[in-house]
Amino acid sequence: MEVMNEIWASDQIRSAVLISSKPGCFIAGADINMIASCKTPEEVTKLSQEGQRMFEKLEKSTKPVVAAISGACLGGGLELAISCQYRIATKDRKTVLGTPEVLLGILPGAGGTQRLPKMVGVPAAFDMMLTGRNIRADRAKKMGLVDQLVEPLGPGLKPPEERTIEYLEEVAVTFAKGLSDKKISIKRDKGLVEKLTSYAMSIPFVRQQIYKKVEEKVRKQTKGLYPAPLKIIDVVKTGIEQGSDAGYLSESQKFAELTMTKESKALIGLYHGQVLCKKNKFGAPQKEAKHLAILGAGLMGAGIAQVSVDKGLKTILKDATLAGLGRGQQQVFKGLNDKVKKKALTSFERDSIFSNLMGQLDYQGFEKADMVIEAVFEDLSLKHRVLKEVEAVIPDHCIFASNTSALPINEIAAVSKRPEKVIGMHYFSPVDKMQLLEIITTEKTSKDTTASAVAVGLKQGKVIIVVKDGPGFYTTRCLAPMMSEVLRILQEGVEPKKLDSLTTSFGFPVGAATLVDEVGVDVAKHVSEDLGKAFGERFGGGSVELLKQMVSRGFLGRKSGKGFYIYQEGVKSKNVNSDMDGILASLKVPPKSDVSSDEDIQYRLVTRFVNEAVMCLQEGILATPTEGDIGAVFGLGFPPCLGGPFRFVDLYGAQKIVDRLRKYEAAYGTQFSPCQLLIDHASSPNKKFFQ
Amino acid sequence: MTSILTYTFKNLPNTSKWALQFSVRPLSCSSQLRAAPAAQTKSKKTLAKPNMRNIVVVDGVRIPFLQSGTSYKDLMPHDLARAALSGLLHRTNVPKDIVDYIIFGTVIQEVKTSNVAREAALGAGFSDKTPAHTVTMACISANQAMTTGLGLIASGQSDVIVAGGVELMSDVPIRHSRKMRKMMLELNKAKTLGQRLSLFSKFRLNFLAPELPAVAEFSTSETMGHSADRLAAAFAVSRQDQDEYALRSHSLAKKAQDEGLLSDVVPFKVPGKDTVTKDNGIRPSSLEQMAKLKPAFIKPYGTVTAANSSFLTDGASAMLIMAEEKALAMGYKPKAYLRDFVYVSQDPKDQLLLGPTYATPKVLEKAGLTMNDIDAFEFHEAFSGQILANFKAMDSDWFAQNYMGRKTKVGSPPLEKFNNWGGSLSLGHPFGATGCRLVMAAANRLRKEGGQYGLVAACAAGGQGHAMIVEAYPK
C-alpha cells in the first residue's frame, strides 16, 4: 500500500504492474488466521471495510495498474486483481483464479461480491462464488476475468519458471505503458452471447428470476446447512438493486456474520486439517518409490493404478486373469480419456501417461519394484498367499502395502519374512475421486516404510491420515456401528428413502441406505461380521441377518444392479427395490417411540459414529483429532458443515452428546454407552479437542 | 578410437600425413588419385576415415523455389520432383541405368503418390529397374534421404544414389471428417437399399466439416510459429533483432541471385506457363515496413511475424551421390565429400526448434573439428527468432550444462560465414526439399569462397535436428 501511495504521488510514474516474486503463486488469499483472531463481528466488519477501501482506491487509480498473474490468484488475491485496470495471466496449470471463500463458509469480503458480477456477469459470478471452483487461465480469458494470456516459456538462458515470470513482467510493462499512452483500451470486446446476457440482466424481471433460481438451487443443494451461499446471493443482490454503497456495507456485515458461524469454524478447521494431512510428518524416505506394482486389477487396484500413472509413477498392474486385467486397464484408460474429453489432458498426454502402466499376469519386473500394493479380494488366506509369492520376487527394500478396509494388517504381516516392510494403505472407492488415504501401521512397521507410503500417497494426490492397526482401523471402525444402527432403523420400519433423506438433510453427502448399496452389501456384511466378532455387543444393533439375506438373494448393491434400490444403466432416478419388502418385513422389530423421532434417528446414527471416533482417539488408534476429522469427512462423508466428529463435539458440546447417548443407552443398552474420553470432555467444559 | 586417430592426423606434418593414410587404407584405389590435388588445399586434414568408403556429391540441382499459390499451383508433387530429376540428369549426364537407388524426402504427402520418389523417377525416365522409396522426417526429410543414401553406399549396397526432396504446399490433402469417411466406407459395404438408407439416415450436416492439415505438432497441438515465438521469448530475442536478421537473409539472397551464385537452380518449363528460372520469395524490404506487421501467432504482443518467418513454398531438389572411386572412374569431378552426420531429438514442446544447437557440437566432436574449422555454415532458417535463439543457446554455458549435458558451450557461428547466400527465410522452404539445398549451398560456397569444411544444420518438427559436415572436394 505504501508503494502504491508512492506511485500515485510521483509524477515520474505513469503506470504500474503488480506481480508476485514468489513463483507459482500470485496471492493465494488473505490470511485466515487474521480473521480468526477477531473476537467480535464489529472487528471483522472493520477489517473487511479496510480491504474494501484499499481496493476501491486501486480501482479508481488514474494511473493504470496491471496485475501480472502467475500461479494461484485466489480469494483476496483475486479481489485485488479485479480491482486493477488490466489483468495478464500465464497460461499454465498452476495459474488458477477463484473465490474459494464459500468453501470456508465465508464470502469474498473485500469488494469481490460487488466487482465480480460487473466483470464477468451475474450468472458467471454466482457460479464462481457459490462453487468456489478454481478457474484456469484460458477459461478466465474467455470469461473476461483476465485480459491477456502469456504462454509459459521453455528453457532459455535461465530456468523456465524464472524466465516465464520475467517475460510476464515484460509483457505486462508493455501493456501498462500502452494503457497510460491510451494505445490500448481496457474495454473488452464482448461476444454476442455476452452482449445478450448483459442486456437480459438489465431487465429487473430477469434478474429477479435469476436470483430466485439460484437461491432455489442453493437451498436444494445445501439443505439449509450452509449459510454462506445464501448470504452471497443476498449481498450480490443488494449491490445490484440498491447500489454499490449498500452492497459494500452489506458485504462487510454479512462477511463478519459468517466468520462467527459454527459452519465457518468447522470448514476452516477442515481446511487447516487438510493442509496438515498433505504433509509428510515422517520425513523423506531413504529411497524414493518410483516403481509401483499393484496386485489385482479390480475397481480398487485399477483406481490406484490410475492415480499413480498420471503422477509419473511406473506402475505394473497384475491380475490373475486376462479378462480381469483387461477390465482394469480399460478402467484406467477411461479415467484418463474422460480427462481428455474435459480438456484437462491432451490425447497425446493421455497416451504418454498410459504408457507408464504395464499390465501383466506374471511377476515379471517385480524385481525392480519399490512398493507393491495388493488389492486382491478381502480374504486373509488369499492375502497370505500373494504376500508369500511377492516376497519371493521383490528386492529387499521393497514395501508391501495391503489395501484392505478391515483385515488387520498384523494378521496379514504374520506370514511375512520382513514385517517391518508391511503396511496398510486403505484407499476409498472410487479411488480417483475420493481424496482420503488411510495408512495403517503395525507395531513392527518401520518408520521409513511409513514415510515411503505417505510419500507415495501424497504423490498420488491424497489427503493422508496415519492410524494404528486394529480391527477396522479408524474409518471402517467408525462406520460399522453407524451401519449397524442403519440396519436397526430399517428393521424398525423406516423406509430406505426416508432414511436417506434424514441422513442427507443432516449433511451427509450420501444417504445411509444408498451408502450400503454403494459400498456393496457383501462387503458390508463381511465387515460387520468381522468387527462384530472383534468388538462384540457394542457393535450390535441391527441384525446382520438382513445383509445375509440380501447377499443370498443377489442384492449386492449398485454393482449387481439391485440392493435397497434398483440401478439401471442410463436411468438416473432410483426406484426402491420392492423385493426388499419381504426381507424387511420378516426381520421387523418394533420401534421405540421415545427415540424414533426424525431428529432422534439422525442423532442415533451420528452419536454412535462420534462416540466410536472419540474412542479411537482414546485407544491411540488415532494420533490426533485432526486426522480423525479429516478421515471422517474425506473418507466417510461425515457432514463437512460439522467439521468432523471431533470438531462437532467441540462446537455442539460434549455434554449434549453425552446426554443424547445416555438417552439412547436407556433404550438400547451398551451400544450407546459414551466412552471415557467423551465423558471427560463433558465433565470439564474447558476441555476441547481443538483449542 | 576414430577421434584419437584423426587427432593424430591433425598434428602430423603434411608430408607424413599421406604416408600414414596409405598405410591405413592400402586397398583404396582412389587414395592415390586424391592425394595429389588434396595436398594443395589449406593445411586442414581431410575427414576420410580408415576402412570407410569416401562418399561424394557429384552435383545437385533444384527447381526454383516458389511461394505457394504461384506458378506451380496446378501441378502435383511428383511433377516438381520429376523436374528436379530431369534437371539433375541434364546437369550431370549420368547414365540412367547406373543409378542404383533413388530416395526422396517429403512431408505433406499427396495420397495418390505416397511413394513420390518412384512416381517421379518413372516419369523422369529413370530405369524402371531402379528402386525408389520416400522418407519423411519433417523439415529434414531431404537430409534423411541423403543420409539413407550414404548408408547404402557406405555399407557397400550401392555405388550411385539419387537423393532429393519435394514439397507442394499449394495443394494439401484436405480430408472429409472421420465420421464422413466412416459413413462412406460403410456405404461401400452396404448391399441392400435398406442398409444404404439406414446409413444415410445417420448423416449429419457436421459430417461435411473438412479436416485441414496444420503445421502443428501432433503431440502438443502447438503450431510451429507459436512455438518459435515462445522460443524467441525464452531466449529474449527482440522483434527488432528478428526483423534485422530476416532483412539480412533477404538482402544476401538477393545479392546471390543477382550475382548468379545460386548455380544449383535449374529452369523449369511449367506446362501451360512460362519457364520459371528464379526463386520468387526473395523480397528485401525495409525495417520500417517490417515493423508495421502484426504478430502472426501470439497476438497481440508476440514477435514472430510473416516477415521474419519462412513462407509456404513449392519446390524440389535432387542430388547425385556416389562412392568416390565410382565417380572418379566415371570421370566426374565431384563437388564435395559428405562426411560425418548426426540426428538429434529433444522436447517437442519447449525445444522444438533447437535441433541445430544440439546437433552442432555433436557432429563437430564426431568429426574431430571445432567451430573455428568451419568455413561455411548453412543452417535452415525456419524463423529469424529460431536462428537467433539457437545462436544464444549455442553461446550459453548455462544451457549446455543444464540441458545438453555438456561441460561448455560450443559457441555461436560467426555471422560472416553464416548463410551468406540467403536461407530458408528468403529463398523459401519446401519442407521436404530444403536439406539438399543446404548441402549444395555449402558445397558451392566452399568452392566459390574457398575453405574446406561446411556445416549444415537444421531443426525439424517433432523436436528433431540434424547436422552434417560437408568437405570441399580438392580442386
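A Cβ is built for glycine as well, from the same backbone N, Cα and C atoms used for every other residue.
Annotation source TrEMBL lists active site, for hydroxyacyl-coenzyme A dehydrogenase activity at A:Glu438. The Cβ of A:Glu438 (active site, for hydroxyacyl-coenzyme A dehydrogenase activity) has A:Gly424, A:Met425, A:His426, A:Phe428, A:Ile464, A:Ile465, A:Val467, A:Phe473, A:Tyr474, A:Thr475, A:Gly631, A:Gly635 as same-chain neighbours under 8 Å, each 6 or more residues away in sequence. Secondary structure from DSSP puts A:Glu438 (active site, for hydroxyacyl-coenzyme A dehydrogenase activity) in a beta strand.
Per TrEMBL, the feature domain '3-hydroxyacyl-CoA dehydrogenase NAD binding' maps to A:292-469.
The domain '3-hydroxyacyl-CoA dehydrogenase C-terminal' feature in TrEMBL is assigned to A:472-567. Along the domain '3-hydroxyacyl-CoA dehydrogenase C-terminal' (A:472-567), the predicted structure has mean pLDDT 92.
Its own atom aside, the Cβ of A:Glu79 (site 'Important for long-chain enoyl-CoA hydratase activity') has 28 Cβ atoms within 10 angstroms in the protein chains shown. Annotation source TrEMBL lists site 'Important for long-chain enoyl-CoA hydratase activity' at A:Glu79 (among others).
Note: A:Glu101 (site 'Important for long-chain enoyl-CoA hydratase activity') has non-local neighbours A:Gly75, A:Leu107, A:Pro108, A:Gly109, A:Gly112, A:Met129, A:Gly132, A:Ala228, i.e. same-chain residues 6+ apart with C-beta under 8 A of its own C-beta. In the three-state DSSP reading, A:Glu101 (site 'Important for long-chain enoyl-CoA hydratase activity') counts as helix. The site 'Important for long-chain enoyl-CoA hydratase activity' annotation in TrEMBL covers A:Glu101 (among others).
Every protein chain considered, the tally of other Cβ atoms within 10 Å of the Cβ of A:His426 (site 'Important for hydroxyacyl-coenzyme A dehydrogenase activity') stands at 25. Annotation comment: TrEMBL describes A:His426 as site 'Important for hydroxyacyl-coenzyme A dehydrogenase activity'.
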Taking helix as H, G and I and strand as E and B in DSSP, count the residues of the domain '3-hydroxyacyl-CoA dehydrogenase C-terminal' (A:472-567) in helix, strand and coil.
67 helix, 4 strand, 25 coil
